[in-house]
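Peer 1: Positions annotated as domain 'C2H2-type' by TrEMBL: 9-36, 37-64, 65-92, 93-120, 121-148, 149-172, 175-202, 203-230, 231-258.
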Amino acid sequence: MFQKVSKHCKCGICGKVLPTKCHLAIHRRTHTGEKPYNCEVCKKAFSQKGNLIEHKRTHTGEKPFHCEICGKSFSYKGYMNTHKRTHTGEKPYHCEICGKTFSGCSSAKSHQLVHTGEKRYDCEICGKTFSQVGNLTRHKHTHTGEEPYRCDDCGKAFSNVSNFERHRGVHSKPFHCEICGKVFSVKESLTVHKRIHTGEKPYHCEVCGKGFTSSGTLIRHKHSHTGEKQHHCEICGRAFPEKYVLTLHKRIHTGEKPYRCEICGKGFAGHIFIGKKIFCRGY
């Protein structure tokens with residue numbers, strides 16, 4: 001039959017029912033704002049002990065969770081589970097408004113703000129608002145010039161962790177194409193690359209029927225039909241159809257010129273490869 005819910009496990013504020021008194025006590029902190037667990041290194045506070053334990057790994061560098069497919073390590077189990085979906089292609093989180101799918105819950109929640117127009121995070125320096133805390137954090141680095149993520153292998157520094165993690169793959173490329181010998185840091189990239197040799201194009205545009213080797217290329221192609229520009233600069237608000245174009249554009253604001261001519265030493269925001277070496281074009 002039915003099990004009677006104990007009144008002690010029901011939140012008196014929002015009515016949510018929790019399985020145990022312990023879960024209820026933790027849940028109540030979302031209403032009270034209580035954060036009894038403090039990091040002795042940076043003084044950041046947490047509502048749950050488990051969150052504090054995970055946070056401490058950002059200071060120690062410990063990454064106990066390993067992907068058995070590519071060997072990449074993570075400090076949080078949730079990050080590892082989300083990462084694994086880059087190999088499987090699984091996207092279990094769906095937007096109820098537009099149907100777009102996501103591999104991580106946080107990405108799905110952040111996406112929903114696009115539909116509501118809600119911007120919850122404010123920059124205390126210039127007052128600009130952002131719908132995602134990560135965008136706010138990255139934006140703040142434009143004021144401070146901070147680049148807190150540094151590669152131990154080459155010394156290159158990054159202002160956000162996602163760019164840093166992508167860069168680290170440059171130093172470790174365990175996946176080899178047996179046809180041409182090209183190496184990749186992610187197995188999925190190798191799978192997509194092999195389609196250049198086989199001619200396979202499993203992703204097709206429903207508008208014009210054109211085929212593509214990867215879902216990302218198909219998504220970018222679709223913008224040619226819709227005119228949509230989905231990548232926005234958080235500094236000036238300008239929009240771009242492709243992420244790499246936005247990355248190049250941002251260097252106008254930051255002054256970053258990571259590519260240098262091997263002949264004269266002149267710096268450039270973008271790269272021009274000739275014979276696998278970088279050369280300037282005389283301007």
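Along the chain as shown, residues are numbered 1 onward.
Cβ atoms here come from the backbone N, Cα and C positions, even for glycine.
Heads up, TrEMBL stuff is auto-annotated, nobody curated it.
Owing to the predicted nature of the structure, the values given are computational and were not obtained by experimental measurement.
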Peer 1: Which residues, given as numbers and ranges, are at least 6 beyond the ends of the domain 'C2H2-type' (37-64) yet have a Cβ under 8 Å from it?
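Peer 2: Tertiary neighbours of the domain 'C2H2-type' (37-64) are 26, 29-30, 73-76.
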Peer 1: Given a Cβ distance threshold of under 8 angstroms, which distant residues of the chain, six or more beyond its ends, lie next to the domain 'C2H2-type' (65-92)?
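Peer 2: Residues 54, 57-58, 101-104, 174-175, 185-188.
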Peer 1: Within the domain 'C2H2-type' (37-64) only, compute the mean pLDDT.
Peer 2: 84
